[in-house]
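As given in TrEMBL:
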type	residues	note
DOMAIN	10-207	domain 'YjeF N-terminal'
BINDING	58-62, 121-127, 150, 250, 304, 348, 417	(6S)-NADPHX binding site
BINDING	59, 117, 153	K(+) binding site
DOMAIN	215-499	domain 'YjeF C-terminal'
BINDING	385, 386, 387, 388, 389, 416	AMP binding site
Ligand SMILES: NC(=O)C1=CN([C@@H]2O[C@H](COP(=O)(O)OP(=O)(O)OC[C@H]3O[C@@H](n4cnc5c(N)ncnc54)[C@H](O)[C@@H]3O)[C@@H](O)[C@H]2O)[C@@H](O)CC1
Ligand SMILES: Nc1ncnc2c1ncn2[C@@H]1O[C@H](COP(=O)(O)OP(=O)(O)O)[C@@H](O)[C@H]1O
Ligand SMILES: [K+]
């Protein structure tokens, strides 16, 4: 499992370790890791032209010490000063190693092979200051590889928000622990490939991180597996209330996901029974209403529902309920809060905005805050869909799960219906709402990657999702071909097998 910690926790852990180490030891560890990553990105260090963008804090200090290490290996290193102050010992080290302060920043940037962004790290506030903006643009336009130190300067470490301009990096080398902004959009988009450098603070970080990103082995442990004595009822029945005369396809897609999510049977309730049976004869169908359809272990309600009633009925049940799409428009917040059984809401940014009484752009700009706020207000688990899907529990201390497997090809009509069926099926099979949401999103994203790329998924360590070690953009993140929601559903068993193979002892 990958975890991300808030700035205050990283700082506390660093302070505790620093008290035990000689002065500057931590920064030297960080700089050594950074220099190693830079060397890996340059074909040859000797003779390479490296430009350091140096702000006034310790982030600039890291860049200067790393620049000194590269200069000792024969790189031509120039520092561009962007703050009023500069880390003096770092600058001394650079100059002693043969580096220099650039007197023509735009000239050195135009010829650079690699640019190191040491403007701000965890001490940065707001976007880039105006004087840094043209310099950062020149770095981007030079075609040089841009490596961010700890974080791309200008992004918010704790929330992933980007207020104003920020550095767009090809790679980010971060120290001690991931910061939430590196894993959550929009900031994640600015970070490029991630690499974590261990500086020894891991054991000093508090128990609960802000974020968790599951990997294959974590998901494998959560997958429901039938026991020898299982029968279809013990494996769980999922009820799917979806589709309408206007949108029968949503019913078919939600059932397609539900059939592949581990429940023993899928009960479809609604007016699209014929369309469902034509495609999936294994489905149990009932015209409704849900209260008369028979016992289920979890309900999914909403995809393509239009204004069909049923939401109140389902929310009044005593089993876990997943509410998606039109169901979100029709739900009564008080009924959700009053439920004794778990509720999982799965909005996209537009639906989340409507639930919060704000606009879509606001949710997209602060996804992490928005998902926590929704979960708190509704007393429900919330899965916020989008480029970095998040799953938040209503209790504030519980880490938010961030899904690493998605692909922008998933932004296709109907893929959300597959997700809700799949996730509801995991709920019926007995997973908690938080686990069902995170496992559902993981398998769904992985299936989409497999479908888009003809098989290439994500390695068991998630290396295809966050290529922390390769230093390149994620293969399969945007690579591949357009896919349809149905293809995502069809690729689910392959994704499941991929993940299951990572289980200990598999
Ligand atoms: N604390 C530690 O033990 C370690 C810190 N390290 C590095 O130190 C960094 C944190 O250093 P600092 O606390 O000095 O903070 P930063 O270096 O991130 O930034 C602080 C400086 O930037 C200025 N600033 C803030 N917002 C700005 C903006 N939008 N535009 C331009 N300038 C802005 C501030 O006035 C301040 O001078 C980490 O991100 C990491 O790179 C590493 O060396 C590892 C050890
Ligand atoms: N840019 C993106 N990158 C990765 N996944 C995305 C992106 N945009 C949307 N998705 C995913 O695609 C699915 C779309 O679901 P949804 O918005 O409900 O659409 P629909 O209702 O048409 O099925 C969700 O799983 C969402 O997380
Ligand atoms: K930086």
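Heads up, the Cβ atoms here are built off N, Cα and C, so glycines get one too.
Mapped onto this structure are the features recorded in TrEMBL.
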residue	record	contacts (Cβ under 8 Å, 6+ apart)
61	(6S)-NADPHX binding site	27, 31, 87, 89, 90, 118
117	K(+) binding site	53, 63, 136, 139, 146, 147, 148, 149, 152, 153, 167, 169
122	(6S)-NADPHX binding site	7, 10, 11, 59, 150, 151, 157, 179
125	(6S)-NADPHX binding site	none
348	(6S)-NADPHX binding site	384, 385, 386, 416
388	AMP binding site	160, 183, 184, 185, 188, 367, 402, 403, 406
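A simple way to gauge crowding: the CB of residue 389 (AMP binding site) has 28 other CB atoms within 10 angstroms, across all the protein chains here. Looking only at other Cβ atoms within 10 Å, the busiest spot among the binding-site residues 58, 150 turns out to be 150.
Shown in sequence order, 185, 189, 406, 408 are the residues of the chain, 6+ apart in sequence, with a C-beta less than 8 angstroms from the C-beta of residue 387 (AMP binding site). Among the binding-site residues 117, 153, 385, the residues whose Cβ lies under 6 Å from any atom of ligand 3 are, in sequence order, 117, 153. Same-chain neighbours of the AMP site beyond 385, 386, 387, 388, 389, 416, judged by a C-beta within 8 angstroms of the site's C-beta center, are, in sequence order, 348, 349, 384, 390, 403, 406, 410, 441. The local packing around residue 59 (K(+) binding site), expressed as other Cβ atoms within 10 Å of its Cβ over all shown chains, amounts to 27. Neighbour counts of Cβ atoms within 10 Å were taken for the binding-site residues 386, 416; the minimum is at 386. Within 8 Å of the centroid defined by the CB atoms of 59, 117, 153, the record's K(+) site, lie the Cβ atoms of 53, 55, 60, 63, 118, 119, 120, 121, 124, 148, 149, 150, 151, 152, 167, excluding the listed residues themselves.
Proximity to ligand 1 at the level of Cβ atoms, with a cut-off under 6 angstroms, picks out 59 from the binding-site residues 59, 117, 153, 348, 389. Residues 386, taken from the binding-site residues 58, 61, 386, are distinguished by a CB atom under 6 angstroms from ligand 2.
Here the binding-site residues are 153, 385; the one with the fewest Cβ atoms within 10 Å of its Cβ is 385. Cα-Cα distance from residue 58 ((6S)-NADPHX binding site) to residue 389 (AMP binding site): 32 Å (rounded to the nearest whole number). Taken residue by residue with DSSP, residue 117 (K(+) binding site) is part of a strand. In the three-state DSSP classification, residue 59 (K(+) binding site) falls within a helix.
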